[in-house]
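Take a look at the structure set out below.
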Amino acid sequence: MKFELDTTDGRARRGRLVFERGVVETPAFMPVGTYGTVKGMTPEEVEATGAQIILGNTFHLWLRPGQEIMKLHGDLHDFMQWKGPILTDSGGFQVFSLGDIRKITEQGVHFRNPINGDPIFLDPEKSMEIQYDLGSDIVMIFDECTPYPADWDYAKRSMEMSLRWAKRSRDRFDSLGNKNALFGIIQGSVYEDLRDISVKGLVEIGFDGYAVGGLAVGEPKEDMHRILEHVCPQIPADKPRYLMGVGKPEDLVEGVRRGIDMFDCVMPTRNARNGHLFVTDGVVKIRNAKHKSDTAPLDAECDCYTCRNYSRAYLHHLDRCNEILGARLNTIHNLRYYQRLMAGLRKAIEEGKLESFVTDFYQRQGRTVPPLNVD
């Protein structure tokens, strides 16, 4: 992987990730394909929304279908027939999400398989091996996603262990002869001094890119913005920056303003299945009765398959009847909305007009622009 940085506007960056499998224009949003599928979508449909890279889930694909089935096909690209690059998370966040059924030690994480209850152990080395078999174009280190709220002492211990796991991840990744990219993950909760230690330690180990982890886990938006403003300038400028698990459209805008290059989130697909649709002027809850006889498209400014062909009334009808097509059409639209937003951000950075784009984005939704505390 090669990262090319074209231009900046304030702290925002316009560039691209170059892989053997294709080019990803940044800032980029990555749809999430947890089980080897972006829910309800064929790879061709995902590509048609403008997505150039997707995310797969190491933890879930390890449990089902498992490494051996994956290797029978070649790798995850061959298994799911996605031709572009794939980033896989390490499984750390999913283990964090297991809560009481897991035990974290220095060696790794002991937990019970949520499918059948069998005891399982996952550590940095195993995570690197699974992601190697998946053929991931971007591999994420294995870390502990520090919960929120966490006091300073807990956050410090967690961050320090994640640093040790980062070194173990790096060593196993290298010993496998993996030629793809490996990203470090910055932890430290909402504490700037801990984030400083984490960034410094990861940069000393050396990675192809750096993710900001442990955000969007319940902390106030002001804390997320503050941490991004503090951390991003410390990440080497020639490496991509990835904000994990984020987020709402406004979170993408605010991340870009603070120097983030990559995002992923289940929100556009999950919300689509619940009839919660993103449009230029805000949000449409398609199951509400007011859409029953609305012959207008979902978003007059959207060029997606759904908006070019169907009315709000039809989408409302499909939702009320619990038709699978409704979830699919909603997903196509939400994914396209996110890709159109990213394309707009990229163009604004190129033209040096990011802040006017941001102002228009919020004004269209009747909201005020959050403060930006950067030099």
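Placement of Cβ uses the backbone N, Cα and C atoms for every residue, glycine included.
Look at Swiss-Prot and you will find D89 tagged as active site, proton acceptor, backed by sequence analysis. The active site, nucleophile annotation in Swiss-Prot covers D264. Swiss-Prot lists D89, S90, G91, G92, F93, D143, Q187, G214 with the feature substrate binding site. What Swiss-Prot lists as Zn(2+) binding site is C302, C304, C307, H333, and the listing cites sequence analysis. The region 'RNA binding' annotation in Swiss-Prot covers 245-251, 269-273.
Overlay of Swiss-Prot feature records on the structure.
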residue: D89; record: active site, proton acceptor; CB count, 10 Å: 32
residue: S90; record: substrate binding site; CB count, 10 Å: 29
residue: G91; record: substrate binding site; CB count, 10 Å: 25
residue: Q187; record: substrate binding site; CB count, 10 Å: 30
residue: G214; record: substrate binding site; CB count, 10 Å: 32
residue: D264; record: active site, nucleophile; CB count, 10 Å: 22
residue: C302; record: Zn(2+) binding site; CB count, 10 Å: 19
residue: C304; record: Zn(2+) binding site; CB count, 10 Å: 22
residue: C307; record: Zn(2+) binding site; CB count, 10 Å: 23
residue: H333; record: Zn(2+) binding site; CB count, 10 Å: 28
Distance from the residue listed as 'active site, nucleophile' back to D143 (substrate binding site), taken between C-alpha atoms, in Å:
17
As a quick check of your reading of DSSP, tell me how many residues in the region 'RNA binding' (245-251) are helical, how many are strand and how many are coil.
3 helix, 0 strand, 4 coil
Give the residue from the binding-site residues G92, F93, D143 that has the most other Cβ atoms within 10 Å of its Cβ, counting over every protein chain displayed.
D143
Other than C302, C304, C307, H333, which residues of the chain come within 8 Å of the Zn(2+) site, judged by Cβ distance to the Cβ centroid of those residues?
P297, L298, D299, D303, Y305, T306, R308, I332, R336, Y337
Separation of alpha carbons, Q187 (substrate binding site) and C302 (Zn(2+) binding site) (Å):
37
Given the recorded positions D89, S90, F93, G214, state which is nearest to C304 (Zn(2+) binding site) when distance is taken between Cα atoms.
D89
Taking the residues D89, S90, G91, G92, F93, D143, Q187, G214 listed for substrate, what is the greatest CA to CA distance in Å, to the nearest whole number?
15
Could you round the CA separation between F93 (substrate binding site) and the residue listed as 'active site, nucleophile' to a whole angstrom and send it over?
13
When the region 'RNA binding' (269-273) is classified with DSSP, how many of its residues are helical, how many are strand and how many are coil?
5 helix, 0 strand, 0 coil
Given the recorded substrate site (D89, S90, G91, G92, F93, D143, Q187, G214), which additional residues of the same chain have their Cβ within 8 Å of the Cβ centre, ordered by sequence?
V95, F96, M140, I141, F142, E144, C145, S162, I185, G213, M244
Subset of recorded positions (D264, C307, H333) lying within 10 A of G91 (substrate binding site), CA to CA, in sequence order:
none
Residue pair C307 (Zn(2+) binding site), the residue listed as 'active site, nucleophile' - Cα distance, angstrom, rounded:
24
